[in-house]
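Take a look at the structure set out below.
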Amino acid sequence: MVLIRVLANLLVLQLSYAQKSSELVVGGDECDINEHPFLVALYTSSSSTVHCAGTLINQEWVLTAVHCDRKNIRIKLGMHSKNIRNEDEQIRVPRRKFFCLNTKFPNGKDKDIMLIRLRRPVKNSAHIAPISLPSSPSSPRSRCRIMGWGKISTTEETYPDVPHCAKIFIVKHAWCEALYPWVPADSRTLCAGILQGGKDTCEGDSGGPLICNGQIQGIVSGGSDPCGQRLKPAVYTKVFDYTDWIQSIIAGNTTATCP
């Protein structure tokens with residue numbers, strides 16, 4: 001109890017590092033059409049509803065969260081508006097999916113990562129291009145970018161036609177442990193948000209990227225309900241901890257051990 005109180009006080013002090021905003025992906029603005037060529041939309045053959053997002057990391061591979069997995073999944077690349085089609089949009093289906101078997105944490109939140117090999121490579125275009133894997137881990141207070149077609153309201157089921165983007169900050173992992181009991185100390189996750197609340201990923205943003213310094217550092221995994229609460233940053237899969245596994249799979253070692 002004392003630890004939680006101390007951490008809560010530290011969180012309040014840390015607010016000085018976060019920019020106050022009245023904005024509610026909850027809390028974002030419409031993304032520029034040219035700023036997310038790596039962002040992909042996931043849906044199924046039986047529904048046109050975007051249930052998750054993902055990230056193109058090369059012409060043949062997409063990174064997302066394992067809890068976004070569905071049967072008959074479809075991957076749309078180059079999309080901005082859900083209703084107005086870009087000329088260079090492409091649709092792909094998985095050739096194979098790779099994920100981490102997790103027996104230690106049955107809820108799956110500790111290893112919420114899935115690597116999808118596309119049946120056919122995509123072609124780079126004005127609105128389709130991969131983003132780099134992290135060359136080093138992110139540090140607390142790093143400024144990052146979130147984006148997705150998820151809910152933009154904490155009180156209503158409001159989903160945008162175009163992806164929304166927002167700037168948030170990495171926070172210390174110890175705070176995640178105190179706030180979320182299901183995040184263990186040895187978890188390969190990170191937390192990020194605006195500690196005053198108001199900016200956050202939300203339902204429908206799962207699997208999407210946390211971009212820091214032009215690299216994907218996180219995958220949207222979980223967080224508070226409702227989204228965007230004060231002192232409750234969201235939880236992201238820490239991509240840096242999986243880079244060796246990702247690169248091994250892509251190189252052809254399909255039996256590579258997940259960390």
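Glycine is no exception: its Cβ is also placed from the backbone N, Cα and C atoms.
The feature active site, charge relay system is assigned by Swiss-Prot to His67 (among others). Using a 10 Å radius centred on the Cβ of His67 (active site, charge relay system) and all shown protein chains, the other Cβ atoms total 18.
Other C-beta atoms found within 10 angstroms of the C-beta of Asp112 (active site, charge relay system) number 27, with every protein chain shown included. Per Swiss-Prot, active site, charge relay system is recorded for Asp112 (among others), and the stated evidence type is similarity to another entry.
Cβ neighbours within 10 Å of Ser206 (active site, charge relay system), excluding its own Cβ and spanning all shown chains: 24. According to Swiss-Prot, the active site, charge relay system annotation covers Ser206 (among others), on the basis of similarity to another entry.
Long-range Cβ neighbours of Cys31 (disulfide bond) (same chain, at least 6 residues apart, Cβ-Cβ under 8 Å): His80, Met147, Val162, Pro163, His164, Cys165. Taken from Swiss-Prot, the feature disulfide bond covers Cys31-Cys165 (among others), and the record attributes it to sequence analysis.
Counting only same-chain residues six or more apart in sequence, the Cβ atoms lying under 8 angstroms from the Cβ of Cys52 (disulfide bond) belong to Leu42, Thr64, Ala65, Cys68, Gly204, Asp205, Ser206, Gly207, Gly208. Sequence annotations record features per position, and here Swiss-Prot assigns disulfide bond to Cys52-Cys68 (among others) based on sequence analysis.
Positions annotated as disulfide bond by Swiss-Prot, on the basis of sequence analysis: Cys100-Cys258 (among others). DSSP assigns Cys258 (disulfide bond) to coil in the three-state reduction, outside any helix or strand.
Around the Cβ of Cys144 (disulfide bond), 23 further Cβ atoms fall within 10 Å across all displayed protein chains. For Cys144-Cys212 (among others), the entry in Swiss-Prot reads disulfide bond.
Take the CB of Cys191 (disulfide bond) and look out to 10 A: across all protein chains shown you find 26 other CB atoms. Here Swiss-Prot flags Cys176-Cys191 (among others) as disulfide bond, drawing on sequence analysis.
Per Swiss-Prot, disulfide bond is recorded for Cys202-Cys227 (among others).
The domain 'Peptidase S1' annotation in Swiss-Prot covers 25-251, and the record cites sequence analysis as its basis.
Among the features that Swiss-Prot reports, N-linked glycosylation site is placed at Asn253, with the record citing sequence analysis. Around Asn253 (N-linked glycosylation site), there are no C-beta neighbours below 8 angstroms that are at least 6 residues distant in the chain.
The signal peptide annotation in Swiss-Prot covers 1-18 and is backed by similarity to another entry.
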Task: Reduce the DSSP letter at Cys165 (disulfide bond) to three states and note it down.
output: strand
Query: Sorted by position, what residues of the same chain at least six away from Cys100 (disulfide bond) have a C-beta under 8 A from it?
result: Val66, Lys111, Ile113, Trp245, Cys258, Pro259
- prompt: Say you check the Cα of His67 (active site, charge relay system) against those of the disulfide-bonded residues Cys144, Cys191, Cys212; which is nearest?
  reply: Cys191
Reduced DSSP assignment, Ser206 (active site, charge relay system): coil
